[in-house]
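> Before I ask anything, here is the structure I am working with.
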2 protein chains.
Amino acid sequence: MVENSELRKAGLKVTLPRVKILQMLDSAGLRHMSAEDVYKALMEAGEDVGLATVYRVLTQFEAAGLVVRHNFDGGHAVFELADGGHHDHMVCVDTGEVIEFIDPAIEKRQKEIVAEHGFELVDHNLVLYVRKKS
Amino acid sequence: MVENSELRKAGLKVTLPRVKILQMLDSAGLRHMSAEDVYKALMEAGEDVGLATVYRVLTQFEAAGLVVRHNFDGGHAVFELADGGHHDHMVCVDTGEVIEFIDPAIEKRQKEIVAEHGFELVDHNLVLYVRKKS
DNA sequence: ATGAATGCAAAAACTTTGCATGACG
DNA sequence: CGTCATGCAAAGTTTTTGCATTCAT
């Protein structure tokens, strides 16, 4: 269950749209939802929230670190709850299925590579596009 | 120098717009150009090519394997010449600078991870967001 | 009460498409 | 010459913004 205190902590007023959107992200079956997905889910649930608000709120949630925005291939962004831990993604090009994973070896190498170039790692984005072995 | 034979090989007629766009990608300072970038560069060079054509041609080039399309964070796609070898990217969040790199250890781990999940790797996308060490 | 949040509709940013004209082979 | 490519403008998508109204504190 998502807590309203998370909103307060983020300096966001606890409004109905924000609470509903947060719950939707938490309870909907899909781990990764586009703004449109969230909007449609809210409509079906009888909640009257504007699409513009969904975009605004998701952007605020991202800024607050409550959700993470992903730009997988294919035009539209998807969001997922920032359940604490970081992870990367594997996307099946045939089914669209998304699998989350984390690999310590890769994480470690990334930091090393960046350091070798005189930088520090701020963030990273790794998506593996895969297909079921035939 | 980019060869027209590459176009023929790809089954594309050798037309002025296609040649110019290919040259632009090859000779422009930027390694990664958006459709808009290519269009503006062509305008400045006095070439009269429509933006729609730039999009169409870049899409054809991608299908032909002549260029690679990247969906970095931030709305618009960028293209780069497929100079043979694959590589990943490091983007400086302060300056926008893009550094290309390839790490065998990471490449290897990716294949292993995917295999462990019963998939085969079709493609992947790794972007490290970095900052100059302060 | 008062400043922030919302909803709507309009606009913006990026990309694709329809169609008549023009160019390649 | 026939067909494919182009240019323009119009339409599509996804996301953002202006503004009057409503809501949280």
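Yeah, the Cβs are placed from backbone N, Cα and C, and that goes for glycine too.
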> Looking at the Fe cation binding annotation from TrEMBL, with B:HIS86, B:ASP88, B:GLU107 already listed, which candidate in B:HIS32, B:HIS124 is the matching residue?
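For Fe cation, TrEMBL names B:HIS86, B:ASP88, B:GLU107; of B:HIS32, B:HIS124, the listed one is B:HIS124.
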> Would you identify the secondary structure of B:ASP88 (Fe cation binding site) according to DSSP, in three states?
strand
> Given the binding-site residues B:ASP88, B:GLU107, which one's Cβ is surrounded by the fewest other Cβ atoms within 10 Å?
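Lowest Cβ count within 10 Å among the binding-site residues (B:ASP88, B:GLU107) is B:GLU107.
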> With Cβ-Cβ distance below 8 Å and at least 6 positions apart along the chain, what are the contacts of B:HIS124 (Fe cation binding site)? List them in sequence order.
B:GLN110
> Using Cβ-Cβ distances, find the residues under 8 Å from B:HIS86 (Fe cation binding site) that belong to the same chain and are at least 6 apart in sequence, listing them in sequence order.
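Long-range Cβ contacts: B:ILE102.
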> Tell me the coarse DSSP state (helix, strand, coil) of B:HIS124 (Fe cation binding site).
strand
> If one looks at the chain holding B:CYS92 (Zn(2+) binding site), which residues at least 6 apart in sequence have a CB under 8 angstroms from its CB?
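B:CYS92 (Zn(2+) binding site) has long-range Cβ partners B:VAL98, B:ILE99, B:VAL130, B:ARG131, B:LYS132.
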